[in-house]
Each structure stands twice: as structure tokens, then as C-alpha cells.
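Asker: According to Swiss-Prot, the active site, nucleophile annotation covers Cys283. Positions annotated as K(+) 1 binding site by Swiss-Prot: Ile27, Asp93. Feature annotation from Swiss-Prot assigns K(+) 2 binding site to Lys454, Gly457. Summarising the annotation, Swiss-Prot assigns cysteine sulfenic acid (-SOH) to Cys283.
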Amino acid sequence: MRAQPTASHYVNGRYIDDEQGAPLPVIYPATGETIAMLRSATPNVLELAIEAARAAQPAWARLKPVERGRILRRAADILRARNADLARIETLDTGKAIQETLVADAPSAADCLEYFGGAVAAYNGEAVDLGGPFAYTRREALGVCVGIGAWNYPIQIAGWKSAPALAMGNAMVFKPSENTPLSALALAEIYSEAGLPDGLFNVVQGYGDVGAGLVGHDVVAKVSVTGSVPTGRKVLSLAGSKMKHATMELGGKSPLIVFDDADIENAIGGAMLGNFYSTGQICSNGTRVFVQSGIHDRFVERLVERTKKIRIGNPLDPETQMGPLVSKAQHEKVVGYIGIGKQDGAVLACGGNVPSLQGFDGGFFVEPTVFTGVTDTMRIAREEIFGPVMSVLKFDGEDEVIDRANDTEFGLAAGVFTRDLPRAHRVIAELQAGTCWINAYNLTPVEIPFGGFKQSGIGRENSLAALALYSQLKSIYVETGDVASPY
């Protein structure tokens, strides 16, 4: 199986390569085989990309917002038209089941381009009456922005970062994760086909040194990163040393709280979505599932029953519900945490094994796993695993569960399942998390902001909040009379 792109990088409207770059193999997670070989960006490639962005950005910013938006909406239409091909690329790159990538990856990127392509035309400054004189504000582009993606939703993240940046008149240099480099190249081609001028969206591949080279470059005005907390800290430190704007969408260990009066099937469905979708590799996952004591045993019994029915296998098979983890390293990490959970005394209710699948012996598969009897101090309840490992914790009262839910360095997301809506709103108001759901989980429409509190990030993706973060505000005072001066 092969998925070799035309070249490794997309700069100034064309594919380029540099044979001096370090090899960057693309591994199909279902089999462990190499399906493409790319090259990491050299300093020369980085300079070409940043210079292309710098040169193209001013003319782009001078266009009317509606003109910029028209190109983004055209790109959204192309994304939707090619969804089947893009879903296959994403499945080969990430290992996620094709039934997921068909509905959750390129479609989300398309929604994002469409939303910002329309919203930017009405995103204006304001006028202020000062009783004779007046003032007004302008939202202006920052310049060259850098996007650094993660491997769980490659094309979605590329869309989430590039759409608001481009809509506001910026240029972007985007570095995908070295694990999943393919779909960002496809997005770059689509932008060009939609009429985006050359140099405004460039893709460069590479490891951490390439990201550091982009973040530290003097021309770059803003950095947006999706990744782990340790990665975010490094990037923020480097960006802050040069006073660059920064958006950090980082990790989590989010609480999902199920009260006694919840619809138990809906709550279980939310918990499964919040732990097993994308093989558990979602930053906002509700991996600490707090279940009130009155329904705890019944919840666990039904949860285990439903979890055992999840179909694991060939991710290109439309009937498969869960594919492999993204890489050997991630597989070793997740399996290691399952072992830690057992050692720490958690009860393995189901899963926890590496399945034997005919034809996929080299794949990075693991069964969806449920631990019960988990305490707040166990490592599986405190550290981000980023795999299909759910911890179920029992609680008695509302105040208790709020305190326990907030006892974490993270604050990306939280969820509450209950039929008592006043209680739902009351609890959500007390939870220290940036993105919350009531009687749902992990739904992230582009119209609402997405991001976290505490160590889970800075800034927001999506919604009008993202346009604000890809722009800078200029204030203009206009005098209509004489200048009052004592000199």
C-alpha cells in the first residue's frame, strides 16, 4: 500500500523537496508498513516558506474581506466534493476508522472554511461618539502566522488554524505532526485550486527542530499550536521571548459527571464517545467518568456490555468502529498505562488486551478499556493517556464531585449528564474547564469557541473569538474641531 505525495513540502503554490532533509517515513498504523517517505524541512525550505508568506501577505490583507471569504468558501466546496479521497488519506495516515474520517475530519475543516469565509465580512471595528470628536477601531492582520498541528485530526486542525488566519488577511506556514504529514498537503492543493494566491498557505514537514525554527523566526507574528502540555510550554516560552501572539490548544484529563437521574443510555453513549472515538486520541476526552453511587453498578454493567460490542479491525472497512493507535510509541504508552492501572489497584472491567487480528499483526491495536474502582490519586486518573482507556470513579454528592473534578492541573473540558437542568447549569458554573457540555460530549461546532483553562491552553479556536486572536486592534481618534493646546 502506497500513499506517496508529489513532494514533501508545499511552498509558494507548488510542491518542493530538499534531499538534504532528514527522512520522514509515513507509517500505516494498521500494519506498521511504510506507505510514504518524505523529507524534513531544511533551513533553506523554512526560509523559502516564510519569505513566500511574507511577500504574499500584504496584498492579501488589502483585499475586501468578502473577496477573501469567497476563496475560503470555494475551498470548502472542494473539500466536500473530495471527502471520500481525503477520508482515505486520513485513515491511512492516522489509522482512524473510515466511518469516522468520512464524517469528522475533512467535513469539519470544510465547515470551518465556510464559517470564517462568511463571518469575516461582518467582523468590523466599532465607532465611538466622543461628543464632537469621534473614534473608530480597525481589526488588522498580524502578518505571517505559524500553525503547528497534532496527529489526531490532521486536516481538521489545519483547517481550524488556517481558515481564521487567512480570513483576517494573514498568511500561514503550517507544520503537520511528523506522524501524519499527508492531508495538510492535500489541503494546500485545494486552497490553490480555489484561487488562494501563492505563498499564503505553505506546508513544511519535520520534527520538533522545524517547529522551533518556525516559532523563533523574526518574521513570524503569531503561533498556534495543538499538542501536549510539555510541547505547549516549550513553544510558549520561545514565542514569549520574542513577544509573539500565541494560541495553545493542549491536553486534558477532563471530568464527565453522571448524576443518578441521568438518562443512563445517553450518559453511557456520551462516556463512550468521550473515551473511545478516534481510538481515544482526543484532547478533550472525558477520561474521568464520575458516576453517582445510586446508579454506579448499573451504569458499569451496561457500559461494559456496550463496550464489548465495539468492532475493532481494518480501519478501511466501513463496518469497523475502532482502528489502531497512531504509532508504535503511542501504543507502547497506552499499553503501559493499562499496566499501571492494574498495578495501582484499579479493577479491569473489560478490555486491556492487544487483540490478534488476521492480516494486521504489525498494527498498533488495543482493546477499548474500562477501569472501575479508580481513585483520584491513581496515575490513570491524573495523567493524560491519549488512548481508549476510561476510568470510572464513584461519587456521592454534588459538592464532593465538583471538588474532585477540579482537582487537576488541566482544564480543557467537562461534561454533566442529568435531567435536573438547574443543577446542570449550577455544576457547570463551578467546573474549571473552558469547553463544557450538558447531556452531550465532544461536540465541537465551529460556531462556538473551543479551548481550555489552566494548563490546557491559552486562547480559543473557532467562532468569532478566533478572528480576534488572528488580528490586532488599532484605535483611531478623529478631531473635528481645533486642537486645544497650551503652547
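Glycine residues also receive a Cβ, built from the backbone N, Cα and C atoms like all the rest.
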Asker: Between the recorded positions Ile27, Asp93, Cys283, which lies closest to Gly457 (K(+) 2 binding site), Cα to Cα?
Answerer: Cys283
Asker: Where Ile27 (K(+) 1 binding site) and Cys283 (active site, nucleophile) are concerned, what is their Cα separation in Å, rounded?
Answerer: 22
Asker: How would DSSP class Asp93 (K(+) 1 binding site) in three states?
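Answerer: Reduced to three states, the DSSP call for Asp93 (K(+) 1 binding site) is helix.
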Asker: Expressed to the nearest Å, what is the distance separating Cys283 (active site, nucleophile) and Lys454 (K(+) 2 binding site) at their Cα atoms?
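Answerer: Approximately 14 Å lies between the Cα of Cys283 (active site, nucleophile) and that of Lys454 (K(+) 2 binding site).
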Asker: Based on Cβ atoms within 10 Å, give me the single least packed residue among the recorded positions Ile27, Asp93, Cys283, Gly457.
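Answerer: Looking at the recorded positions Ile27, Asp93, Cys283, Gly457, the Cβ with the fewest others within 10 Å is that of Ile27.
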Asker: Please report how many Å separate the Cα atom of Lys454 (K(+) 2 binding site) from that of Asp93 (K(+) 1 binding site), as a whole number.
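Answerer: It is 31 Å, counting Cα to Cα.
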Asker: Check Lys454 (K(+) 2 binding site) against DSSP and tell me helix, strand or coil, would you?
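Answerer: SS state of Lys454 (K(+) 2 binding site) = helix.
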